[in-house]
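This report concerns only the one structure given below.
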Amino acid sequence: MINGETKIYGIIGNPVKHSLSPIMHNALFKKFGINAIYVPFEVKKDLKNAINGVKALDIQGVNVTMPYKEEVIKFLDELSEDSQNIGSVNTVVNLEGKLVGYTTDGIGARRALERFTQVDGANILILGAGGAGKAIAYELSKVANVVVLNRTIEKAKRLEKFGIVGDSLEALPYYVEWADILINATSVGMNEEKSLVPKNLLRPGLVVMDIVYKPLNTLLLRYAQEKGCIAIDGLWMLVYQGAESFRLWTGEEGDVELMRRVALAWLRERK
C-alpha cells in the first residue's frame, strides 16, 4: 500500500511506455516486502531538469534507457569505474542526494549468455557501439575475444583501448564466420521485420542473442532458429541487468525467474 514512507524508483527514457521494467521491479518489491514503487518517466527533452527532479523529489534510483545512456553522465555526481571507462550509464543510485551512475547492461548480457553457453575464451561478435553495445563489449572483453561492428566505424574503433577490435558493418560476413557468439546490440528489429544479419550467414551451433525484446522473437532470432543456432531473446538480458540494478538499490538479489515470468505474462496479455 502506497503511503508517506513509500520509496520511489523509475525509468527515464523516450519512449518508455513499452518498458517491462515497472512490471519486473514492482513484482520484486512485493516479493521482498519492500515499501516501494517503480514507475516510468517519459522524458521527451530537458534531461537535466529530469535528473534534478530525481534529487529534489528524493527518488531513490532510476534506470536510464535510450536515448539518454550517454547524455545522462554530465548530470551525475559520481560514476562507477565501468561507467567511467565506457561512457554509458543505465542505473542511477541516489545516495542521500549524491547521484551515482552504474552500468548493468554488460553484466546482464554476460549472465544471460552464461545461462546458455561458455563465455570464457569465446569469440564474440557484437553489432552496435551505442550505450548498450559498449557496455556489453567492455564486460565481455574481460573474459573473451570481442569484435564490435558499427555503421560509424569511429565509434567502434574507440573501444580498441580495451583490447576490443572495432570495424565496419561491411565486414559482417568475415566476422560471423569467426564468431562463436553473435549479439545484436542495436535497435534494429524493434517493432519491425528487419535483421542486420542475413539468414545465409548463420550456421548450426552459433549462439545468437538479440537485446531487442519487443517482439520477443525477432526476425534475427527466427533466422537463427531456422539455421539451427542457439537463440537467446532480449528478455534474458533485461531480467539479469534489472536484477543487478535491484541489488544496487536494495542490497537484495533479484529473482530473475520471477522477473521473466511476470514479464512474459504481461507480453502475452498484450499480444
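Glycine is treated like the rest: Cβ placed from N, Cα and C.
Noted in Swiss-Prot for the protein shown:
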type     : residues                                                                          : note
BINDING  : S19, L20, S21, T65, N90, D105, Y213                                               : shikimate binding site
ACT_SITE : K69                                                                               : active site, proton acceptor
BINDING  : E81, G128, A129, G130, G131, A132, N150, R151, T152, I153, E154, K155, I211, G234 : NADP(+) binding site
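Under DSSP, E154 (NADP(+) binding site) is assigned to a helix (H, G or I) in the three-state scheme. Minimal Cβ crowding within 10 Å, among the binding-site residues S19, S21, T65, N150, T152, is found at T152.
Under a cutoff of 8 A between CB atoms, and with a sequence separation of 6+ in the same chain, the neighbours of Y213 (shikimate binding site) are L20, D233, G234, L235, L238.
Note: the Cα of S21 (shikimate binding site) and the Cα of I211 (NADP(+) binding site) are spaced 14 Å from each other.
Taking the centre of the Cβ atoms of S19, L20, S21, T65, N90, D105, Y213 as the shikimate site, the nearby residues of that chain (Cβ within 8 Å, site residues left out) are I11, N63, L238, Q241, G242. Nearest by CA distance to T65 (shikimate binding site), out of the binding-site residues E81, A129, N150, T152, is A129. Here the CA atom of E154 (NADP(+) binding site) lies 30 Å from the CA atom of S19 (shikimate binding site). Largest CA to CA distance in the shikimate binding set (S19, L20, S21, T65, N90, D105, Y213): 17 Å, whole number.
In this structure the alpha carbons, written CA, of I211 (NADP(+) binding site) and N90 (shikimate binding site) are 14 Å apart. Distance between Cα atoms for E154 (NADP(+) binding site) and K69 (active site, proton acceptor): 19 Å, as a whole number.
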